[in-house]
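Enquirer: Here it is, the structure in full.
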Amino acid sequence: MKYILVTGGVISGIGKGVIASSVGTILKSSNLHVTSIKIDPYINIDAGTFSPYEHGEVFVLDDGGEVDLDLGNYERFLDIRLTKDNNLTTGKIYQSVINKERKGDYLGKTVQVVPHITEAIQEWVMRQALIPVDEDGIEPEVCVIELGGTVGDIESMPFVEAFRQFQFKARRENFCNIHVSLVPQPSATGEQKTKPTQNSVRELRGLGLSPDLVVCRCSTPLDTSVKEKISMFCHVEPQQVICVHDVSSIYRVPLLLEEQGVVDYFRQRLDLPIGRQPRRLLMKWKEMADRYERLLESCSIALVGKYTKFSDSYASVIKALEHSALAINHRLEIKYIDSADLEQETLQEEPVRYHEAWQKLCSSDGILVPGGFGVRGTEGKIQAIAWARKQKKPFLGVCLGMQLAVVEFARDVLDWKDANSTEFNPKTSHPVVIDMPEHNPGQMGGTMRLGKRRTIFHSQNSVMKKLYGGHEYVEERHRHRYEVNPELRRELEARGLKFVGQDTEGERMEIVELEDHPYFVGVQYHPEFLSRPIKPSPPYFGLLLASVGRLSQYIERGCRLSPRDTYSDRSENSSPDAEIAELKLPMIDHE
């Protein structure tokens, strides 16, 4: 097993996750099996109870693990399936060690950070690195480990010490350290400054880890003189200083690393069995990056939510929209709308914000209401859904978005004026959305319906069934505490709101579609978690197709994209990558 540790310096949030994912991508393109581990030095057991403002979205895995959004990057880049143990936190490690101490496993010894915590970290990494993450079930050959935070933080000290020890346990030919650092370029002088990187590497080396590659994040390509200066002061060769400057899309990052000889370096440094033949996967990434820059037409989607000021709160949703837009060769324009701005209260207090929000909504090609929690902004979301339904505007509701679509329909079409979710009004006389029996209101963490679940289609004419390739069932990831009230299903369906997908018991409403509408779909699960750059999520793909007026044509063609639909350059000589043109949908295992 080969281990590649990715650390960061100067500031957090400089792209360690994308760089770690890109390293994994170029290794996977060399026919290696790659897995990833993300280490978060916070004391929380997992990311499940985080506020989206605090830490971005909570990414959900097949096994129900609520983890850091960087694991979403790993899954999308590498097309792998991770588990909750691929996200290691200080809380998990301390909980594990304390449980052992309570059982008497340490035989009365004084339990300390060194050696007990550090050894537990190493054991966790070695154990998890061997778990297969690819569909073929083959054991990984390379494990890319991202250490969150910045070097020197008090929180990350036990992890840095653990890897200082681990480099000797794994042996030099099996362990490599990539250090990601910022090279700022003040606008006043325009000069690239190396001092922050020098100090960061010096601190890392003082803690016992010496970087093999120094990856410099900068706004423009590094000057040769700057590379040489970093090389001299950071104790590395000039070819070990890698520049990752700002690029048009993240699809360019693996290509940037490959161009600078990172694969050749790993071949020698880690003695990896990598040939010199052209790498087909990277050719696909290059094709995607080139296509992204050639897009001529655009499609606007209104994202109506309550966390719109912080785009990381909807990271996977945004990626799923981007994947779908790229598949039909349209540039995506997302219009972020705070749902509270659509409410009558805002009209009274801030009429300008109210009218600006409605102008954004009305001028969009499609509307998306993603998942969320809490009562704030829900009436605004319901107003947006009502507008989409009445104006025949393509609409997708995810999780809470689906629940509110049912609430809006019940209020307006069935004339149940007080219809609501018991989450927002426990005393409503028409509880259209109710809490599930499994829900434990006394405890927040891990009490939701989580992870991969099967949804059975109950309608042959369902648009969603066609978008999923005509399969009898699909398996998608869930994260919710509330569900549509199954007792009201018959009354809702009688008026045209069809529940075309249910769980395996037929009790939980999973997919809803509205009759006589171009595209009005709600899904209880979160399809964005399984969207991939070359395999867009069907619900999001349907929204984009409907928004550009091509959904009917796509379905008539047997759910296949024509070359004309998938290429922005309309010249006769253009021909798209066939593998992207004929859209790949997520693999479904039939037992």
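The backbone N, Cα and C atoms fix where each Cβ goes, glycine too.
According to Swiss-Prot, the record shows the following:
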- CYS399: active site, for GATase activity (ACT_SITE)
- HIS526: active site, for GATase activity (ACT_SITE)
- GLU528: active site, for GATase activity (ACT_SITE)
- 562-572: compositional bias 'Basic and acidic residues' (COMPBIAS)
- 300-554: domain 'Glutamine amidotransferase type-1' (DOMAIN)
- 562-581: region 'Disordered' (REGION)
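What does the local environment look like for each feature on the list?
Expert: Sequence-distant neighbours of CYS399 (active site, for GATase activity) (same chain, six or more apart, CB under 8 Å from its CB) are PRO370, GLY371, GLY372, ARG479, HIS480, VAL523, GLN524, TYR525, HIS526, listed in sequence order.
Annotation note: HIS526 (active site, for GATase activity) sits in a coil segment as assigned by DSSP.
Residue environment of GLU528 (active site, for GATase activity) contains 27 other Cβ atoms, counted within 10 Å of its Cβ in all protein chains.
Across all of the domain 'Glutamine amidotransferase type-1' (300-554), the predicted model scores a mean pLDDT of 90.
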